[in-house]
Amino acid sequence: MFQGGIWSKLQGYYKWYVLGLVSVGYILGELGHYLIGTTSKVTADDLHYGDKSCMLNATHLTLSQLPVVCEKVNSTELCESLTLNGTRYCEWGYNGLGIDYQVLAGPAFMAVFTVVGVIIGVVADKYNRARILSFCTLVFVIAIVMMGSVTEYWHLVILRMIMAAGESGCNPLATGILTDLFPEHQRALVLSIFNWGIYGGYGIAFPVGRYIPILDAWGLSWRLCYYGAGIVGILIAGLTFLTLREPERTTIGEEGAGNSKGRDAALESGKKMPQVTIWHVIAQPRILLLCLAASIRHCGGMCFAYNADLYYRDYFPDVDLGWWLFAVTVGIGSVGVVVGGVVSDKFVAKMGVRSRVLVLALSQLVATLPAFGSVIFGPLWAMITLAFSYFFAEMWFGIVFAILVEIVPLSVRSTTVGVFLFVMNNVGGNLPILVDPVSKAIGYREAIMIFYAGFYGISSILFFLTMFLMDGPVERQAEQTHKPSGLDNRAFSQDEIPARSGSRNLPSAPIDNSKL
């Protein structure tokens with residue numbers, strides 16, 4: 001009785017436990033990913049990489065008090081000669097920027113992340129996803145721990161590549177698992193919560209990367225950030241291995257309803273979905289345009305993620321915005337993620353998957369102008385407009401993957417997610433490397449405006465065009481005859497239908513027709 005009563009109640013919460021577990025793991029992976037952006041200055045000073053510049057070294061002074069702003073000085077001699085009341089207030093040193101940093105933050109990570117992500121996606125369609133996810137989590141948390149012990153720049157590059165290999169499995173594996181655990185009316189919300197891990201890890205990186213190195217606990221400085229994140233990650237990897245079960249794989253969305261509108265002739269001829277190849281799926285115009293729009297939007301997000309801390313330190317060295325950035329990215333961003341998922345889920349029944357794309361287009365359009373404001377204005381209004389922009393901008397990620405898993409067949413779902421991430425991360429993750437040459441040509445602020453806010457606007461236009469290639473609401477014949485009692489009948493195989501039909505005393509003719 002004890003096992004039956006308590007265990008049956010706990011089983012009802014298991015899927016939410018899985019969501020929490022994989023989300024925390026994703027947050028830790030993204031924390032390790034983005035820590036390089038918030039610790040880059042102290043890391044560069046320790047490992048000697050990147051550009052050097054003149055920087056303010058007196059935190060008690062404001063820019064209005066300085067006779068000459070440090071950042072406007074381009075020579076070592078002049079930088080070190082600047083004084084206020086007989087005291088030097090500038091220093092010449094590594095600023096954490098430059099092509100070395102951009103390569104470390106972007107291509108070194110993305111080159112491995114994208115390739116291994118596709119491989120893991122293919123493997124996940126055939127083998128136990130829960131076990132693969134456990135192994136991937138262990139790989140990236142060990143890499144994070146080891147990053148705290150590096151002594152050379154190239155050590156950091158290699159370990160970021162290893163970390164990328166492990167983390168690359170998190171999204172396609174967890175997306176497939178969560179899609180099989182949760183019903184359609186919760187899917188966008190669930191995937192939005194999971195993909196919020198990107199912004200959760202990124203947001204937490206601000207206070208962790210800014211304030212822990214200053215403490216210099218045990219003389220570890222920036223290294224303690226990586227040790228702490230890695231140790232917590234090892235615990236999560238253990239829980240993932242011990243408690244995560246492989247769920248039953250189910251058909252969803254268009255495939256589950258038998259709606260194949262807009263697909264190629266082979267799909268319309270009545271062939272079973274498992275016979276569809278990955279090439280049939282990714283060659284669809286709607287997939288290609290969705291991927292292009294997501295890649296452009298991802299570039300805008302990555303540009304801000306890799307440069308936000310360094311940008312605000314460079315332009316407002318006398319103002320500590322660490323906790324503001326944390327509050328905006330984690331607090332406001334998380335609300336936007338949830339709202340986007342809820343709104344998308346509410347409209348999907350009436351408008352079909354097209355409604356999700358409409359939410360994408362409108363949210364990114366509304367976010368564009370405030371994004372420009374977060375770069376143009378001073379500290380206070382920059383944070384206010386950033387918060388407004390973030391609320392709408394961060395609706396996008398979970399909705400994109402809710403769309404993707406609903407328009408591709410079960411047999412290639414994880415592979416498609418892996419290929420989609422491969423393209424999206426190669427374009428969106430590597431384009432920000434252009435910030436360095438563009439900033440040296442027209443200015444750092446102007447480069448951020450182009451690759452961050454400008455790309456938000458471009459993505460909104462592309463998402464809007466994608467909407468016209470999507471199907472409207474899916475007609476489900478089973479729902480027209482009776483309401484399901486709790487289980488989605490589409491998750492059962494055809495040979496189970498007669499038994500279920502017989503128990504309900506349904507006429508035989510409709511049953512035979514449903515098998516045709």
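Glycine is no exception: its Cβ is also placed from the backbone N, Cα and C atoms.
Those TrEMBL annotations? Automatic predictions, nothing curated.
Quick caveat, the model's predicted, so the values are computed rather than measured.
What TrEMBL lists as domain 'Major facilitator superfamily (MFS) profile' is 18-471.
TrEMBL lists 495-516 with the feature region 'Disordered'.
Long-range contacts of the transmembrane segment (16-36) within the same chain, counting only residues at least 6 positions beyond its ends with a Cβ under 8 Å from a Cβ of the stretch, are 43, 101, 104-105, 109, 133, 137, 140-141, 143-144, 147, 156, 160, 163-164, 166-167, 170-171, 174, 177-178, 181-182, 190, 193-202, 204-205, 208-209, 225-226, 229-230, 232-233, 236-237, 239-240, 243-244, 305-306. Marked as transmembrane segment by TrEMBL: 16-36 (among others).
The transmembrane segment annotation in TrEMBL covers 104-125 (among others).
Remote same-chain partners of the transmembrane segment (132-151), defined as residues 6 or more beyond its termini with a Cβ less than 8 Å from a stretch Cβ, comprise 22, 25, 28-29, 32, 47, 120, 123-124, 159-160, 162-170, 173-174, 177, 220, 223-227, 229-231, 233-234, 236-237, 240-241, 244. What TrEMBL records for 132-151 (among others) is transmembrane segment.
Sequence annotations record features per position, and here TrEMBL assigns transmembrane segment to 188-212 (among others). Same-chain neighbours of the transmembrane segment (188-212): 19, 22-35, 37-39, 171, 174-175, 178-179, 182, 222, 224-225, 228-229, 305, 309, 320, 322-323, 325-326, 328-330, 333-334, 337-338, 340-342, 344-345, 348, 356, 394-395, 397-399, 401-402, 405, counting only residues six or more beyond its ends whose CB sits under 8 Å from a CB of the stretch.
What TrEMBL lists as transmembrane segment is 224-244 (among others). Distant neighbours of the transmembrane segment (224-244): 17-18, 21-22, 24-25, 28-29, 31-32, 35, 39, 130-131, 133-134, 137-138, 140-142, 144-148, 177, 208-209, 212-213, 215, 217-218; these residues of the same chain sit at least 6 beyond its ends, with a Cβ under 8 Å from one of its Cβ atoms.
Counting same-chain residues at least six beyond the ends of the transmembrane segment (321-343), those with a Cβ under 8 angstroms from any Cβ of the stretch are 188-193, 195-196, 199-200, 202-204, 206-207, 210-211, 308-309, 312, 359, 363, 379, 383, 386-387, 390-399, 402. Feature annotation from TrEMBL assigns transmembrane segment to 321-343 (among others).
TrEMBL lists 355-377 (among others) with the feature transmembrane segment. Sequence-distant neighbours of the transmembrane segment (355-377) (same chain, 6+ residues past either end, Cβ-Cβ under 8 Å): 188, 290, 293, 297, 300, 304, 311, 336, 340, 343-344, 347-348, 383, 385-386, 388-393, 395-396, 399-400, 402-403, 445, 448-449, 452-453, 456-457, 459-461, 463-464, 466-467, 470.
Summarising the annotation, TrEMBL assigns transmembrane segment to 383-405 (among others).
Feature annotation from TrEMBL assigns transmembrane segment to 417-435 (among others). Within the chain carrying the transmembrane segment (417-435), a Cβ under 8 angstroms from the stretch's Cβ atoms is held by residues 99, 102-103, 105-107, 109-110, 113-115, 117-122, 124, 168, 171-172, 175-176, 278, 282, 287, 291, 294-303, 306-307, 401, 404-405, 444, 447-448, 451, all 6 or more beyond its ends.
Outside the transmembrane segment (447-470) by six or more residues, the chain places 262, 285-286, 289-290, 292-294, 296-297, 299-300, 303-304, 307, 311, 352-354, 357-358, 360-365, 367-368, 371-372, 374-376, 389, 393, 396, 403, 407, 431-432, 434-435, 438-439 with a CB less than 8 A from a CB of the stretch. Sequence annotations record features per position, and here TrEMBL assigns transmembrane segment to 447-470 (among others).
Summed and averaged per residue, pLDDT over the domain 'Major facilitator superfamily (MFS) profile' (18-471) gives 84.
Proximity of distant same-chain residues to the transmembrane segment (383-405), defined by a Cβ-Cβ separation under 8 Å and at least 6 residues beyond the stretch ends, is recorded for 171, 175-176, 179, 187-196, 198-199, 252-253, 287, 290, 294, 297, 301, 321, 324-325, 328-329, 332-337, 339-341, 343-344, 353, 356-357, 359-360, 363-364, 366-371, 373-374, 377, 413, 416-417, 420, 456, 459, 470.
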